[in-house]
Structures are given as C-alpha cells and as structure tokens.
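Among the features that TrEMBL reports, active site is placed at ARG155, LYS179, HIS250, ARG253, HIS276. As annotated by TrEMBL, active site, O-(3'-phospho-DNA)-tyrosine intermediate applies to TYR285. Per TrEMBL, the feature domain 'Core-binding (CB)' maps to 3-90. Residues annotated as domain 'Tyr recombinase' in TrEMBL: 111-298.
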Amino acid sequence: MTPQLAAILDEFAEHLALERGRSVHTQRAYRGDLTLLFDHLTASRPDATLADLSLPVLRSWLGAQARQGAARSTVARRTSAVKIFTAWATRRGLMETDPAIRLQQPKSRRTLPAVLRQDQAVAAMEAAHSGAEQDDPMALRDRLIVEMLYATGIRVSELCGLDVDDIDRSRKVLRVLGKGDKERTVPFGGPAGDALTAWLDRGRPHLAASASGAALLLGARGRRIDPRQVRTVVHQTMSAVPGAPDIGPHGLRHSAATHLLEGGADLRVVQELLGHSTLATTQLYTHVTVARLRAVHDQAHPRA
C-alpha cells in the first residue's frame, strides 16, 4: 500500500468513528478489508492511486477472496466496506465516479446457529462452578463470564464493556450499552447473581490495579478484559462438557435466546433482551426451536 492510500484509509477510519458512529469492531473489520483491497491494487501496480480502483479491480479482488475460501458472509461484509468507502471517497472528491455503484452485494446465507441443549447448558454452568470452588480469582471471574453470558444473552463486546456501576445487584439487572450506543436493561437470575457476588467479594479485589478503573471484568494484569480472553474462557468451559458443540460467547447468546423461546417467552421480549433492532433477526431463533422440535419428533414418534 502506498503512503497516499494509507493516509486516505486513516481519514476514512476517522469518518467511520466520528460521523457514522461505527463500533470499534466494525472500524477494525473495515480497515482490515480495505487494507486487503489496497494490497491487491498495488500488487500489480505499486504506484496505484484511487483512480485505478475500477469496477473490474473490485470484482477481481472479491472473486479472489471467494476462491481463497472466504466465507460468503465475509465476502458480503467486504463488499459493504468497499461500497461505503467508495461512496465516501466520491463525496470527498477523491474519486471522480463511484466504481462500486454497480457492484452486486452477495447475500449471506443465514444458517441456524449451533446451540446447547438445556442439559448441556446446565453442565457447562456446573463445570464453571466447580472450577471456582477453590476461590481462585481467575476461576471466579471465569465462572461469572459463563454464567452472565448465558443468563443475559448479551454480546461479548457488551460484557467486556460492563463497569461495576452498570450492575444493580438488588434488582438483578444490568445496564448494557449495545450497538449504535443504544442502552437497555437486562435481568439476570440467582446463579449469575451468586457468581457476581463471589467475584466482587473474593475475586476482583485480588486482581484490581490502578489500570482497572471501573471495569467489572479484569485480566490477570488488572486491565479490562477483552473479547479474545472471553472466547478462550468459553471454549475451555465447553471442552469440559461431553458432547457439547464447541461454541463461543455468541453460541451462549444463541443458546440463551433459544431456551427462552422454548420456555414460552414472547418473541418481542426476547428481541428487547438481545438488543436486536428488528424482529426479523430474533425470528431466526424460532427456526432453531422448530428444527429442534423436528429432531425430537423424528427420533421419538413411531410414525415420523
């Protein structure tokens, strides 16, 4: 990538953060996508500029991504990143015309997410609890991570962003800042409340440092925990549950939503709890529950 393209990419990243209000995760993803695009552009022409970013170049780059094994959803996101970038660059006068106007957006297939059975979820919580019995601060934290993700269905980024003051322990609710900086209140139950109390009383004080601030969950050095650490904790917990799918934090979110619906929760209530902007996103979980019912029916009914 040339210095000129790198400077333009920095300016675009600033636009995403300040004017479009995109999350840090989205900013990072789009920057990575465009870095790949610019590397593709300059591979055959080291002195390339934005004027060389034509529709054939965009199509060849996306085609190469697909051939290299990128998931359909990843190619769809990269197409979105390109479209947003070229539209911005055209408005800024950095490009004469927008080459991505005629770029087709591939539809990402919506697959049924892997979810735990309810007995597997119980086993996962028990595995996390048994690891915390010795009052090791990290084990107490890991127990809270697993319990809170399953109890609330919040996103991993939302969990990592929680401060101690975001928890109302008496009412058993969290104040969560979700996508688009939308705030919502999410309840949690007794087991998660017990894990929270154990962490705050016997775990967090041992890890807290000057860098901790108000962060609820801390890493070994006292800093706010990050999503990568949370994913490691969840995968390690799942590995202790025989037969359970190897899910991460998002799998616990899927499982929480599915089990709520299986228990009779209203779809719109689940939408509010999960922080979905549209009901269509939440309706994906109804397909999961129907699929699970079909599997049970096929196994158990004599005329299935």
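Cβ coordinates come from backbone N, Cα and C, glycine included.
Positions of TrEMBL features highlighted on the structure.
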residue : record                                                : contacts (Cβ under 8 Å, 6+ apart)
ARG155  : active site                                           : GLY178, LYS179, PRO249, HIS250, ARG253, GLY275
HIS276  : active site                                           : THR282
TYR285  : active site, O-(3'-phospho-DNA)-tyrosine intermediate : HIS254, ALA257, THR258, LEU261, VAL270
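Cβ neighbour count for ARG253 (active site): 23 (other Cβ atoms within 10 Å of its Cβ, all protein chains included).
In three-state terms derived from DSSP, HIS276 (active site) belongs to neither a helical nor a strand segment and is classed as coil. Over the domain 'Core-binding (CB)' (3-90) the predicted model carries a mean pLDDT of 87.
Secondary structure at ARG253 (active site), taken from DSSP and collapsed to helix, strand or coil, is helix.
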